[in-house]
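Trainee: Sharing a structure, written as structure tokens. Questions coming.
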């Protein structure tokens, strides 16, 4: 099984004014990220608006991005759903079209007990032969994947090879590293919050799936490379810049629109509005995002 590590942007989904997937803009964003030396690309995550999409749209995007990336970097596709049949169907589709792995979040309406969580994740893992990464996002699902549950899943399923930890507690990430990764070294622990990347790497984690990696991939790639070369001064500089960048999250708007506006300011012809019924950014917020980007340039 491939090991997923380094900087993995959860790629935004560009949407046309008509509400369709904009392939032309997607190509430009994909090329930009690959040229920035990211390690992999993750599509149909939270930033990719998977929760707002029909299965048909997910399949359209999956088929397109796998073919367009064309093995330049590994491609991960989010396949989690409230419906286990849809999760399995899409996971099989990812394998069929040549995706390199799937990322699965647990159902987020009814809370599941540990037996039900095991059944959910194992049903997906058993349906495919490609790698699977767990996605822990308790702020959205209402429940946390405990280190003991994760360890059980890894013990019983050889193709569960990592986890995206979008959790506020760096202690939780440390516990997953010490309790799971130390026993299964191939298991990748990836942070989901931008500001946790430095700590995750120092604790022995493998990288991050970073939202603002869409608009400033050079910061996160730079930090990861500095860490690998043990350049403490560069680690400090990049970490401070990342803290400045994450101020763009301090807006009363969906982060989806904030990230898209950041790409727009970088020169991409992308609509900042998203698929959901979300309020458009006002000019004050756009100005705030622009200032934040200038502060790191």
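Heads up, the Cβ atoms here are built off N, Cα and C, so glycines get one too.
This is the feature table in TrEMBL:
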| type | residues | note |
| --- | --- | --- |
| ACT_SITE | 135 | active site, proton donor/acceptor |
| ACT_SITE | 164 | active site, schiff-base intermediate with substrate |
| BINDING | 209 | pyruvate binding site |
Trainee: Within 10 Å of the Cβ of residue 164 (active site, schiff-base intermediate with substrate), how many other Cβ atoms can be counted across all chains shown?
Mentor: 28
Trainee: C-alpha of residue 164 (active site, schiff-base intermediate with substrate) to C-alpha of residue 135 (active site, proton donor/acceptor): distance in Å?
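Mentor: Each residue's Cα considered, residue 164 (active site, schiff-base intermediate with substrate) and residue 135 (active site, proton donor/acceptor) end up 5 Å apart.
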Trainee: Under a three-state reduction of DSSP output, how is the residue listed as 'active site, proton donor/acceptor' classified: helix, strand, or coil?
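Mentor: In the DSSP reduction, the residue listed as 'active site, proton donor/acceptor' maps to strand.
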Trainee: Going by DSSP, is residue 209 (pyruvate binding site) part of a helix, a strand, or coil?
Mentor: coil
Trainee: How many whole Å apart are the CA atoms of residue 135 (active site, proton donor/acceptor) and the residue listed as 'pyruvate binding site'?
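Mentor: Answer for this pair: 10 Å between alpha carbons.
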Trainee: For residue 209 (pyruvate binding site), what residues in its own chain, 6 or more apart in sequence, show a Cβ-Cβ distance under 8 Å?
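Mentor: Residue 209 (pyruvate binding site) has long-range Cβ partners 8, 9, 10, 42, 45, 164, 190, 191, 192.
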